Amino acid sequence: MTNAVHSDALYQQQLHEKQQRLTQLLAPFQAPEPEVFASAPSHYRMRAEFRIWHEGVDELYYVMFNSETKQRYYVHEFPTGSQLINRLMPRLLELIRGNHTLKYKLFQIDFLTTLSGEALISLLYHKTLNEAWQPAATELRQALRAEFGEVDVVGRAHKQKIVLEREYVLEQLQVGDRTLEYMQVENSFTQPNAGMNQQMLGWATDVTADCQGDLLELYCGNGNFSLALAKNFNRVLATEIAKPSVHAAQHNIAVNKIDNVQILRMSAEEFTQAMNGEREFNRLKGIDLQSYQCNTILVDPPRAGLDPATVAMIQAYEQILYISCNPETLCDNLKTLCQTHNIARCALFDQFPFTHHMESGVWLVRK
């Protein structure tokens, strides 16, 4: 009990420090006090990647390496990982140890799990997977399913991928009073902290509740935000360049019975060219871009933030929802954006507790 209280106190302390840091960073832009969303202190990561270390004839271990010193660390448990990842880890190695086909040249194992209790395990090899691998992997999957329920296995090697049944999991997220189902595809980006993702989607839905017109989202992934926000807009136009993510987004639109979201497989630069009538694209046949009244834009850039051209482009919109995984590059972008827009609301999402990482959201409205 004492440890639990101590751990909670430490968690609240680090969360408060992040809140102070974000408040200081946003102060030059006259931002309101950030709304703060806490994470579960442990078992919050729904995905993990481990290198596999071979010792002797039969021994296998999960390891991680220090990125600077290259020192090797054995991983016997993973407290930040989901409960399901931690339950799967020892049993999976136990089953692989006794099978030469599965064990030989195995160098990495990736886990993808869901709040809904599903798991996808990717086995990565420094060898070509021969005809013996698939039956061995099928037997492995059957053993795991007997103990853990909905588990799928994928094998990958150089220019080779073997999918036994599914290369995805189906997640169910609670957003307000709605349950949304999301296909999450192996080796594609998904939000790692599912509990925090639910809170992010809830906040984004709340800040856009009174919006008029249509929404544009750049690089929508599997439709994570677009689907949750669709109810607040007449229509949603979303761009994405990765084929697996586009496929997942189309599935998610259909399974959630959402009829006002259009996914375009194109880059932000291509979309801007199409919207300005500078270039025609065959993939846009039958889609009248000029009929959209996109007053609101959603951007969720990588750590590098938005490039100057994209910053200039999004300034044309009445409202901007900016989800950031790096407050420094967010602030760099805000130096330009706040020339034309005010920060109406902002939030801190503690995506990765006990790290320096800060996820944040900023809702900008034209002056």
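Including glycine, each Cβ sits where the backbone N, Cα and C put it.
Bear in mind that the values here come from a model prediction, so they are computed numbers and not experimental data.
In Swiss-Prot this protein carries:
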BINDING   Gln191, Tyr219, Asn224, Glu240, Asp300  S-adenosyl-L-methionine binding site
ACT_SITE  Cys325  active site, nucleophile
ACT_SITE  Glu359  active site, proton acceptor
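The structure, with features from Swiss-Prot marked on it.
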{"residue": "Gln191", "record": "S-adenosyl-L-methionine binding site", "Cβ neighbours (10 Å)": "25"}
{"residue": "Tyr219", "record": "S-adenosyl-L-methionine binding site", "Cβ neighbours (10 Å)": "18"}
{"residue": "Asn224", "record": "S-adenosyl-L-methionine binding site", "Cβ neighbours (10 Å)": "28"}
{"residue": "Glu240", "record": "S-adenosyl-L-methionine binding site", "Cβ neighbours (10 Å)": "24"}
{"residue": "Asp300", "record": "S-adenosyl-L-methionine binding site", "Cβ neighbours (10 Å)": "21"}
{"residue": "Cys325", "record": "active site, nucleophile", "Cβ neighbours (10 Å)": "19"}
{"residue": "Glu359", "record": "active site, proton acceptor", "Cβ neighbours (10 Å)": "25"}
CB-centroid shell, 8 A cutoff, S-adenosyl-L-methionine site Gln191, Tyr219, Asn224, Glu240, Asp300, site residues removed: Phe189, Glu217, Cys220, Gly221, Asn222, Gly223, Phe225, Ser245
Most distant Cα pair in Å, residues Gln191, Tyr219, Asn224, Glu240, Asp300 binding S-adenosyl-L-methionine: 16
Between Asn224 (S-adenosyl-L-methionine binding site) and Glu359 (active site, proton acceptor), the C-alpha gap once rounded to whole angstrom: 16
Rounded Cα separation (Å) that holds between Cys325 (active site, nucleophile) and Tyr219 (S-adenosyl-L-methionine binding site): 15
